[in-house]
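Chemist: Copying in the features that Swiss-Prot gives for the protein in this structure:
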MOD_RES   A2  N-acetylalanine
DOMAIN    148-272  domain 'Fe2OG dioxygenase'
BINDING   H167, D169, H252  Fe cation binding site
BINDING   R263  2-oxoglutarate binding site
Amino acid sequence: MAAAAEVSLLQECGCKGIRTCLICERQRHRDPPWQICLQKKCCFLYCPDTGWAAGAEGSDLEGWAFPFPGVTLIQDFVTPEEEAEMVRLMDCDPWKLSQSGRKKQDYGPKVNFRKQKLKMAGFQGLPGFSQKVVQRMGLYPGLEDFQPVEQCNLDYSPERGSAIDPHLDDAWLWGERLVSLNLLSATVVSMSPEAPGSLLLCSAPSVRPDAFEDSLVAPSRSVPCQEVEVAITVPRRSLLVLTGAARHQWTHAIHRRHIKARRVCATFRELSSEFLPGGKQQELGQELLQAALSFQGRPV
């Protein structure tokens with residue numbers, strides 16, 4: 001029965017507008033995204049040990065780097081047993097078709113971001129299986145006071161050509177930290193700067209943190225921002241946190257070529273200051289928090 005349901009889903013897609021997946025490209029003879037958009041020319045790899053983005057090996061930018069703040073990567077955040085149980089419980093509920101070959105499950109209020117309006121609309125909280133995960137987040141520096149009010153589960157599949165286009169998450173409702181738990185397979189999150197202009201690079205003779213600090217003295221090369229892409233390798237069962245510049249000044253995306261096997265991602269979002277104590281919608285924010293942290297929710 002499950003296999004038949006999957007075959008049925010493979011014949012459908014949720015793409016709208018310019019978005020495409022393998023299914024609609026084959027059925028409607030649409031061009032895949034890489035025939036429309038050129039790949040970035042200046043590729044960097046994020047190094048979690050230094051917090052810098054370094055030019056890809058073998059490229060013209062090898063040996064050059066720049067600081068890339070606002071990224072925290074926590075490996076082995078859940079155990080293999082916890083991962084299997086979380087995905088099993090997710091699969092007990094229906095997945096809805098979404099854009100670009102993804103499927104999704106939403107636990108959160110119904111939001112109209114364009115009109116900046118929201119309503120509870122049946123939102124009863126985050127799922128029970130996330131309670132221990134959220135509690136564990138509070139044990140890590142920078143997440144001690146993290147209180148998510150929304151969880152979005154996304155299912156990526158190479159058979160559907162799943163991907164997600166470069167985008168910035170909303171900042172009217174959602175707060176400073178975006179927290180994503182990566183399950184079932186590793187992937188790459190691709191970051192691109194929003195601002196025009198040039199990006200200054202420093203010589204990066206080695207991957208030692210002290211060498212990176214020394215290289216701050218003399219930026220000696222620049223590259224156009226519109227050609228820059230930073231690849232963050234996200235291992236299976238790891239937690240990725242984006243804050244600051246990485247949250248607000250760099251778009252994030254996942255390219256189709258980086259989905260090698262089924263990948264499930266649970267992204268947790270907190271409230272912005274407008275919905276926190278002292279904000280003009282603090283009462284609504286308190287209602288959302290109370291519902292979310294009851295951990296009694298089903299997908300809405």
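Here the Cβ of each residue, glycine as well, is placed from N, Cα and C on the backbone.
Please situate the listed features within the shown structure.
Modeler: DSSP states for the domain 'Fe2OG dioxygenase' (148-272), grouped as helix (H, G, I), strand (E, B) and coil, give 23 helix, 65 strand, 37 coil.
Taking Cβ-Cβ distances under 8 Å and a sequence gap of 6 or more within the same chain, the neighbours of R263 (2-oxoglutarate binding site) are D155, Y156, S157, S162, N182, L183, L184, S185, T187.
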Chemist: Once near-sequence residues are set aside, which residues in the chain of H167 (Fe cation binding site), 6 or more away, have Cβ atoms under 8 Å from its Cβ?
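Modeler: For H167 (Fe cation binding site), the qualifying residues are T251, H252, A253.
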Chemist: List the residues in the vicinity of the Fe cation site, defined as same-chain residues other than H167, D169, H252 with C-beta within 8 angstroms of the site's C-beta centre.
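Modeler: Nearby residues not in the site list: P166, L168, L178, T251, A253.
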Chemist: Considering every residue in the domain 'Fe2OG dioxygenase' (148-272), what is the mean pLDDT value?
Modeler: 92
